[in-house]
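Asks: Take this structure, written in structure tokens, and hold onto it; I'll ask about it next.
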Amino acid sequence: MTSTSRAPKSGSPATSDPPGPRGPLARLPLPSVRLQKGLALANVMAQIGIMTTGVTVRVTASGLGCETWPRCNQDSFVPVAGAGPALHQAIEFGNRLLTFVLVAVAAALLLALLRAGRRSELIWLALAMPAGIVAQAVIGGITVLAGLVWWTVALHLLPSMILAWLAAVLFVRVGESDDSPARRVLPPPLSWLIVLSAVLLAGVLVTGTMVTGAGPHAGDARIGAADRLQMPIQWLVHFHAELMVGYVCLLIGLAFGLLALRAEGPAIRRCLILIALIAAQAVVGITQYQLGVPEMLVVLHVTLAGAITAVTGALWASAVIREPAVASARAA
């Protein structure tokens, strides 16, 4: 970690070292705000990355490449020649290994925030990361042991979306001063539109997992139609799309409101980025449906969903802001 021997914990001027933790943590170098933000950004990217590898497991039918959990097979924690298709074992085992990368990034971020003596809001958000990752590992094990039943796969994805949302909020908040007061910069009607956007996004994500549950990518070639969601996929696709249309229309209305009021802070920029991502997602979603759900487009679709969720979290955080943690840096 980068040491800043005379830097304040939150970016405001100081004449002495900021108060920090005692004990073993005090032996660590004092991390700069830039390093804290870098770790927070890595955390966001890792949360989205695990979604990408997870959906790759599903579309390559590698979900049972490691047939049990926590072992890869009955006799080994790692892939074994002859225990199953080598490629499927490698893909599933690689996805499991990425969990340790997530834990390492989350732990480094938490330690950096504790060492810097950051405010409790950030510590709680940072604690949610390793806790959520451990919970996800357990859910993943249940998913494998249950034979990739569609609803367990859905439950495995949705917590990752929540973690991506929280990680984005944490990234924004890390860049804000601990000493300056929080200011609500949006009027209540626009703040409520942001809340509604998060609610609609939740509906979009849930129905998206249901579309997947009724679709062709079960995660393993041995899973039959009887184990899939028994609902017409055309109806689910249209319902999913209608929620997405409602979501983007709400965001367009929010953007007009933000522009009309010349809203302070990064809310306008984040809202416009979010609308652009959703437009790209719509193109991918329509294309994959028309082409019969090709594997690579499914991977792109889920990755974009993770990015949209993260930016929605950042937009949520823009309703209440603080001064930047470093005078020369802008809030992300």
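All positions are counted from 1 along the displayed chain.
Cβ coordinates come from backbone N, Cα and C, glycine included.
TrEMBL: automatically predicted annotations, no manual curation.
Feature annotation from TrEMBL assigns compositional bias 'Polar residues' to 1-15. According to TrEMBL, the feature region 'Disordered' maps to 1-27. Here TrEMBL flags 97-115, 122-142, 148-172, 192-215, 235-259, 271-291, 297-321 as transmembrane segment.
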Asks: If we skip the immediate neighbours and take only residues 6+ beyond the ends of the transmembrane segment (235-259), which ones have a Cβ under 8 Å from one of its Cβ atoms?
Replies: 186, 189-190, 193-194, 196-197, 200-201, 203-204, 207-208, 210-211, 214, 229, 267-268, 271-272, 274-275, 278-279, 281-282, 285, 289
Asks: Quickly jot the same-chain residues contacting the transmembrane segment (148-172) by Cβ under 8 Å, restricted to those at least six beyond its ends, or write none.
Replies: 37, 40-41, 43-44, 47-48, 50-51, 54, 58, 63-64, 109, 122, 125-126, 128-129, 132-133, 135-136, 139-140, 142, 198, 205-206, 209-210, 212-214, 218-220, 223, 227-229, 302, 305-306, 309-314, 316-318, 331-332
Asks: Does the chain bring the transmembrane segment (192-215) near the transmembrane segment (97-115), so that three or more CB pairs sit under 8 Å (pairs 6 or more apart in sequence)?
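Replies: The transmembrane segment (97-115) and the transmembrane segment (192-215): touching, no.
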Asks: Please give the sequence-distant neighbours of the transmembrane segment (297-321): residues at least 6 beyond its ends with Cβ less than 8 Å from one of its Cβ atoms.
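Replies: Those are 44, 47-48, 51-52, 54-56, 58-59, 157, 160-161, 164-169, 171-173, 176, 182-186, 190-191, 194-195, 197-198, 201, 205, 208, 217, 264-267, 270-271, 273-274, 277-278, 280-281, 284-285, 287-288, 291, 331-332, in sequence order.
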Asks: Could you tell me what the rest of the chain brings near the transmembrane segment (97-115), counting residues at least six beyond its ends with Cβ under 8 Å?
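Replies: Beyond its ends, the transmembrane segment (97-115) has Cβ neighbours at 1, 20-21, 25-26, 28-31, 35-36, 39-40, 42-43, 46-47, 49-50, 53, 122-123, 126-127, 129-130, 133-134, 136-137, 170, 174.
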